[in-house]
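A quick write-up on the structure given underneath.
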Amino acid sequence: MTQERLWQVLDPSWGDPRALSALSALLCSSAAAVVLLKWLGHRQVQQKMHEARRSRDLALERMEKAARRFKQENPGTQTTHILSLTMVELAEKLKEGSLSPESVLYSYMDKALEVNREVNCVTDFIHGCEDQLQKLKKQKEKGLLYGIPISIKDHINCKGHISSGGMVKFLGQVKEEDSVIVQVLKHQGAIPFVKTNIPQTMINYDCSNLIFGQTLNPLNHQKSPGGSSGGEGALIAGGGSILGIGSDVAGSIRLPSSFCGLCGLKPTGNRISKQGVVSPLVGMQSVTAMLGPMARDVDSLALCMRALLCEEMFRLDPTVPPIPFDEEVYTSSNPLRIGYYEGDGYFQPSPSMKRAIQQTRELLQDAGHTLVPFAPPKIDYMVDELFTRGIFSDGAAHLVDCFKGDIVDPNLKSQFNTYRLPALVKRILAFLLKPIYPRIARDLSALCGVGSAKNLWDQHGAVAVYRTEFIAKWRKLRLDVILCPALGPAFNHGYAGKLFAATSYTNLYNVLNFPAGVVPVSTVTRADEEELKHYQGHYRDPWDKRLKEAVEGAVGLPVAVQCVALPWQEELCLRFMKEVEMLAHNTKRNV
């Protein structure tokens, strides 16, 4: 079509070729302007990320100078001995004065720097820790965590620092005060000293963003440390922290704990204050997110919970129920009635996951506990309609909005490209895929969200009904706790972003809002790896194929189990975790 003819079609009353040429030039210049604006926006994003990385580098340099200075001034510090102590032993020695808070803080600072150089897990040095150390020495009363250095997940606010969420939109927003949990930790004498890496948006269980890069698993660099509390998992597993605070909306404490061989606890939703935390899903109420501790052993988690559940937290956040830690429940030795399952019916467990449950069940039975088979009701319905449709009840609109003025991390692209599809396209794809890949089709349908406020109310009602059903089944079997798999072993890089639905083993207890913890009990054997070759999954769809590929090559890596209790029974959950930890430890020692 000629320019003249095009112009006449556009407006037959105008046939002047010169006018058409002017319009063409205008259109070309407008297109160029759009391209220029996009380029400028991209440059601005890159500049912000560069500034954040530069700020991180300067903070780590400051941390390195401080650690080096202390070493030079105190050449006799027994760093190796300090780093070898459990948290309970460390707390005792700090309280009695046989170790100084300085020697402990700077030993962990030095080790954290070493671990970070290896796996890239630290995003900031909390420089106020040195001033806090001086104030601590002057205080007469010593809190339960006196002198204990603590690492903090990136998105938990610390005064004078950013909480990036792995997103450009949050850069430059320096926080004016500590989150409630950080205030309480300081009140108990703990010393927050570093912030740790997360995946972009935190709706992923890998640990990569374009600002601070990819975090590696210290046990095997070809593997992910898990996420979204992946920086915490990597730092603690590498020995650079003894206690960390993470968060969990689908398994974000439990998955990195499983992948890195740690203990982690996801409490009941409001047992610990969540005030002062950055999130891309503010306002989402269908699935319960919470903060919780990660450490090398269960006693460390219990000590942390004991310290957090204090009058200071109840005063700072009156929305938290004032329930102190129940010592009697945690230290009880009464036999337990334990429900268990080896698979949830949504994702077939990997061979090592299944074996971990079988062996732990036998150990618990031999120790005098009663084990009862249990099957979570309507697991497909829970994953698709309650978890996925709940967490993305807005059709993922909030999450997609977060990417305005940002660049999508390659590890998140598979998820993001699905989230941003128009609802109509998702529905059409779901319809077409239903006969071939029904599980993937249901997921696509659920990603459309709920569609209206009325439907959102119905969705919340459905969660309440399911929780009642689950508890009724629990009560009928007279259970105290449940033993079930934790997703693992650690995934190869790049797979977590393509298998978000594989969080079914953990996200169930976010939907239910039950306390749940992870304990490492074994390691992947060559027999597990051999059996994996025959893994087909329940659906034999692309997700099953990916899961098999994700866990390959994991001989020697940790395998964990998950321990669950009813709401507000964190102490019972921890007591059960402690029992599992002790039995597994004794077995390893006797091998």
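Placed from the backbone N, Cα and C atoms, the Cβ positions cover glycine too.
Among the features that TrEMBL reports, domain 'Amidase' is placed at 104-574.
The Cβ neighbour count for Lys153 (active site, charge relay system), using a 10 Å radius and every protein chain shown, is 26. If you look up TrEMBL, you'll see Lys153 (among others) marked as active site, charge relay system.
Summarising the environment of Ser228 (substrate binding site), the number of other Cβ atoms within 10 Å of its Cβ, over all protein chains shown, is 34. Per TrEMBL, the feature substrate binding site maps to Met202, Ser228, Val249, Ala250, Gly251, Ser252.
Annotated active site, charge relay system per TrEMBL: Ser228 (among others), in sequence order.
In this view, Ser252 (substrate binding site) is surrounded by 33 other Cβ atoms within 10 Å of its Cβ, with every protein chain counted. Among the features that TrEMBL reports, active site, acyl-ester intermediate is placed at Ser252.
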Residues sitting within 8 A of the centre of the Met202, Ser228, Val249, Ala250, Gly251, Ser252 CB atoms (substrate site), not counting those, run Ile203, Asn204, Tyr205, Gly227, Ser229, Ser247, Asp248, Ile253, Leu255, Ala289, Thr503
Taking only the Cα atoms, work out how far Val249 (substrate binding site) lies from Lys153 (active site, charge relay system), in Å, as a whole number. 14
Least buried of the binding-site residues Val249, Ala250, going by other Cβ atoms within 10 Å? Val249
Please work out the number of neighbouring Cβ atoms within 10 Å of the Cβ of Gly251 (substrate binding site), leaving out its own Cβ. 31
Would you mind reading off the Cα separation of Ser228 (substrate binding site) from Lys153 (active site, charge relay system), to the nearest angstrom? 9
Listed substrate-binding residues Met202, Ser228, Val249, Ala250, Gly251, Ser252 - what's their greatest C-alpha to C-alpha distance in Å? 11
Please work out the mean pLDDT for the residues of the domain 'Amidase' (104-574). 97
Would you mind reading off the Cα separation of Gly251 (substrate binding site) from Lys153 (active site, charge relay system), to the nearest angstrom? 15
